[in-house]
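Here the structure is laid out as structure tokens; the discussion comes afterwards.
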């Protein structure tokens, strides 16, 4: 009986000793992991205090963004800002990204849950190769846990690159709400004041004859310009802030027409406005040819010119529509 009791006590003692010995390495590893994480967060906070958008090369990206442990998200902009890259969109996107990062850095809700970083192609081309990335600018959210999913890549062509749009995307992916605070822009008020001054000056100079205020042609032209601007998508550009065009960094080919019906470029707005203006001018010439008191020869020329403008520009407009709405069955002169 005593031997059995002695054997049981020895067994329990050995088991407890083994548990203690095995637990020591795990505790040590956990402590080391916490120290590494603390060092990474402190380093990122130090850089963020100096510059809200942290510039990273390949080594920094792999150590601070890709390698565990990590309890923070990193919003990374992959870009090409060097002058010889001739990426106009990259410059515009960088300005919006800086505004967003500054808004977060100086917000009362600022924490170490999320950081902003950028990788320039000329400083971290190995990162572009590692991620199989062939276009810039590109925004990717690297979450605190796991790998980036499909939704963690920002749809630049659809949403545009305005700071407000990127902030909404970040809120969807990280639950961090950023209130965008833009630096004051006095260009708008100055232009409005200048316009009012010009109008006031004209009214003052023509105060003895105010018939120009009742000129139907002038009001019709102003209304037509407003309609052309609105129907071309100018308001969509103002809200979404899309790029002017897209240049392929490998081939150098520039796209002025977006291939999707859900987005557009600024250049596309100008093209559509020009085509609508051409159709309108053609219709005006046709109306003048039918109602004018000019000789028959000039009226025939106006009629032919009007028909030509309507046919040509409407055909171009329809071809753009077909390129954006794939499967649209109708065309006119041009496919």
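Keep in mind that glycine also has a Cβ here, set from the backbone N, Cα and C atoms.
Database features (Swiss-Prot):
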- 87-90: disulfide bond (DISULFID)
- 47-175: domain 'Thioredoxin' (DOMAIN)
- 71: N-linked glycosylation site (CARBOHYD)
- 30-184: topological domain 'Extracellular' (TOPO_DOM)
- 206-209: topological domain 'Cytoplasmic' (TOPO_DOM)
- 231-270: topological domain 'Extracellular' (TOPO_DOM)
- 292-300: topological domain 'Cytoplasmic' (TOPO_DOM)
- 322-335: topological domain 'Extracellular' (TOPO_DOM)
- 185-205: transmembrane segment (TRANSMEM)
- 210-230: transmembrane segment (TRANSMEM)
- 271-291: transmembrane segment (TRANSMEM)
- 301-321: transmembrane segment (TRANSMEM)
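Every protein chain shown contributes to the tally, and the Cβ of the residue listed as 'N-linked glycosylation site' ends up with 12 other Cβ atoms within 10 Å.
For the pair formed by the residue listed as 'N-linked glycosylation site' and residue 90 (disulfide bond), distance between Cα atoms is given as 29 Å, rounded to the nearest Å. Using a Cβ-Cβ cut-off under 8 Å and counting only residues 6 or more beyond its ends in the same chain, the topological domain 'Cytoplasmic' (292-300) has no close neighbours at all. Here the topological domain 'Extracellular' (231-270) returns a mean pLDDT of 79 for the predicted model. Packing against the topological domain 'Extracellular' (231-270) from elsewhere in the chain are residues 80, 85-89, 92-93, 96, 121, 134-136, 156-162, 165, 276, 320, 323-325: each is 6 or more residues past its ends and has a CB under 8 Å from a CB in it. Beyond the topological domain 'Extracellular' (322-335), the same-chain residues lying 6 or more positions past its ends with a Cβ under 8 Å from any Cβ of the stretch are 257-261, 311-312, 314-316.
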